[in-house]
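Features from TrEMBL:
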DOMAIN    66-499  domain 'Major facilitator superfamily (MFS) profile'
TRANSMEM  100-120  transmembrane segment
TRANSMEM  132-151  transmembrane segment
TRANSMEM  190-211  transmembrane segment
TRANSMEM  217-238  transmembrane segment
TRANSMEM  302-321  transmembrane segment
TRANSMEM  361-379  transmembrane segment
TRANSMEM  388-404  transmembrane segment
TRANSMEM  410-433  transmembrane segment
TRANSMEM  445-465  transmembrane segment
TRANSMEM  477-496  transmembrane segment
Amino acid sequence: MVLKKTKGYQDIDGNLTLPISKGLVDPDTTVPQEIEMASVSVVPDDTFTVTQAVNALGFGWFQVKLSLWTGLCWMADSMEMTILSILSPALHCTWHITRYQQALTTTIVFLGMMLSSTFWGNLSDRYGRKHALSLCAVLLFYYGLLSSIAPSFMWMLLLRGLVGFAIGCTPQSVTLYAEFLPTQQRAKCVVLLDCFWALGACFEVALALIVMPILGWQWLLALSTGPLLAFAMICPWLPESARYHVASGQTEKALETLEKIAKDNGKPMLLGRLVVDDATLSSPHRGRFRDLLVPSLRRTSLLLWFIWCSCAFCYYGLVLMTTELFESSAIACAEGLRPAQSLDTCAADCKPLQTTDYIDLLWTTLAEFPGIFITIFIIERYGRKKTMAVQFVTYAICCCFLVICPGKRTVLTLMLFLARGIIAGVFQAAYVYTPEVYPTSLRSVGVGSCSAMARLGAMVTPYVAQVLLKTSITFATSTYAVAALLASIACMLLPIETAGKELPENTSEQRQANANT
């Protein structure tokens, strides 16, 4: 153990009695909090960890501000994703691109995200979450604005690919947020952060409803960068993760951050010295991708990669299918299969989205809000693994109902509403589980690698939702149902349930969690 600067503050009860300490307590033992705190109060070595400090200082004004800041980043990300389902039909009419080129417009964004996710995760673990997010915000705003003046389809592909490269960093905002949350509130707060995602998606659809008929897609792309500009301007005020500072040996900065949390939350700073784990400092490498495949993490990493890939495949597939189903489900149900050559017709079958399409798209997007609150209700009661597994199965059932040709458009809207809410809940449960299961030194690269695999699934999904769907609704929706069922099995095979557990600081704690499961 390495012990740093002593701080002569009050303990969390405000008394000058025996200080809080865990310096001699085995961090791998799972002891109830009340017993654990009682047992350490008599230890003369007055030390504490970042986890103990965050839990003791609780949820307060500091976390509220951080929620708004990281939520703005999440909202901007959501707007850039939602615009994909609106941009492709618009480009189809403007530049007469084929269905495969429409799918490529979406795929190129996710390709950039996949290639950059691990890069951003490595950068965050090496140089800090704050610096990575600041650079991401500037690049995302710049390339998003340039996309609005793209003179040709090839320029659009290049610029949207660069937008995707910058978006690959946005999951690190969840990592930063989770590392400042007390254990008891962590799952609920991370899931509630999805409210900003849903808000961003709804705002984008409402913005498109107003802008598209009058000004066109160029102005929609330009105006959609507004939240990115706002987030870039507040990045200098973002706090850096205290866990990152400890993992990188910057204990003094970690103490300063903890003092700020105490001040903002109106709590006294813990009495004692901050403990830095030798296992964290002894490794000259932080954030290495290959460390995700060490024996204690291999099974978890492989299963999570498949789960994230399937989740993104199903989520973005549903987003893209929504506009396509509203446009062509009646024809496809009446004719069974559409001729393959119709996929390449351009100007002849150009059908711009109408006001009713935007309104129905808004209704299905609003489904994310009940999906969030349902996930909050069940994720703590039944655990992360069971929550994701059951939601995947439910999503598969909803996809099966999409195969049945609905007699009324309201029935189709209702089924899409249910499926959208459920798969949004799965995504948030995955965002809760993943930072919890990886140790601090690998947390960003772990989330980044999962995000990269999610982008792989999202790259494939346009060819199912926008191309295959035009040939066979049954085949397309069945593909999503099978993917969801396989992901449900993978969720149950995960070796660790993280509900109610502390964030692991190093791989030894993670190995112990494996052994205790």
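Each residue, glycine too, has its Cβ placed from N, Cα and C.
TrEMBL labels come from automatic prediction, so no person has curated them.
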Need a quick answer: max count of Cβ pairs under 8 Å to the transmembrane segment (445-465), which of 132-151, 302-321, 388-404 is it?
302-321
If you count every Cβ pair below 8 Å, which range out of 190-211, 217-238, 361-379, 410-433, 477-496 shares the most with the transmembrane segment (132-151)?
217-238
What stretch of 190-211, 217-238, 477-496 shows the most Cβ pairs under 8 Å to the transmembrane segment (361-379)?
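Selected stretch: 190-211, with the most Cβ pairs under 8 Å.
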Which one, 217-238, 410-433, 477-496, has the most C-beta pairs under 8 Å toward the transmembrane segment (190-211)?
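Maximum Cβ contact count belongs to 410-433.
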